[in-house]
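Peer 1: Pulled the feature table from Swiss-Prot, pasting it below:
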ACT_SITE  135  active site
BINDING   92, 134, 138  Fe cation binding site
């Protein structure tokens with residue numbers, strides 16, 4: 001399998017809204033496998049296709065301690081959220097080394113297709129609920145830093161642009 005390049009904030013491609021997957025076929029299964037390899041290599045607990053410049057509604061997640069329980073969500077949608085919210089410290093492979101508190105619904109229910117194209121629903125709380133909401137935001141073109149104050153967003157954007165220039169200068 002191939003490792004994919006993860007886009008870094010504030011890359012405008014992170015703001016593209018992903019399109020639904022028409023059919024779960026060999027191409028989609030290869031994308032899922034490559035996304036999983038990329039997520040585990042990073043290492044991360046979730047990855048949306050948007051983050052690797054593939055603008056289709058695909059998410060891979062593994063919040064297990066051993067990183068051996070891959071979950072695949074194709075065309076995921078949140079069908080229910082609890083009224084109770086919880087604040088979690090979030091990070092993102094597209095915003096490396098930056099973490100901050102984001103408040104989200106404490107529990108959710110998601111409907112999606114699995115790797116075989118079969119529909120399923122899952123109820124989630126805790127880290128899985130947070131990760132699902134975070135990754136589904138990516139499919140809508142939203143990055144977690146957009147929940148932060150304009151001051152924090154601007155500071156993160158400036159630091160990420162500076163880091164990108166430094167990386168280009170090292171080549």
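Using N, Cα and C of the backbone, Cβ positions are placed for all residues, glycine too.
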Peer 1: What's the CA to CA span in angstrom from residue 92 (Fe cation binding site) over to residue 135 (active site)?
Peer 2: 9
Peer 1: What is the Cβ neighbour count of residue 134 (Fe cation binding site) at a 10 Å cut-off, with all protein chains included?
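Peer 2: Taking all protein chains shown, residue 134 (Fe cation binding site) has 24 Cβ neighbours within 10 Å.
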Peer 1: Can you list, in sequence order, the residues of the same chain other than 92, 134, 138 whose CB lies within 8 Å of the CB centroid of the Fe cation site?
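Peer 2: Output for this site, in sequence order: 46, 48, 51, 90, 93, 94, 135, 137, 143, 144.
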Peer 1: Hey, what's the Cβ neighbour count for residue 92 (Fe cation binding site) at 10 Å?
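Peer 2: Cβ-Cβ neighbours of residue 92 (Fe cation binding site) within 10 Å number 24.
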Peer 1: Please list, in sequence order, the residues in the chain of residue 135 (active site) that are at least six apart in sequence and whose C-beta is under 8 Å away from its C-beta.
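Peer 2: Sequence-distant Cβ neighbours: 46, 47, 48, 59, 61, 73.
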Peer 1: With Cβ-Cβ distance below 8 Å and at least 6 positions apart along the chain, what are the contacts of residue 138 (Fe cation binding site)? List them in sequence order.
Peer 2: 14, 18, 48, 50, 51, 59, 94
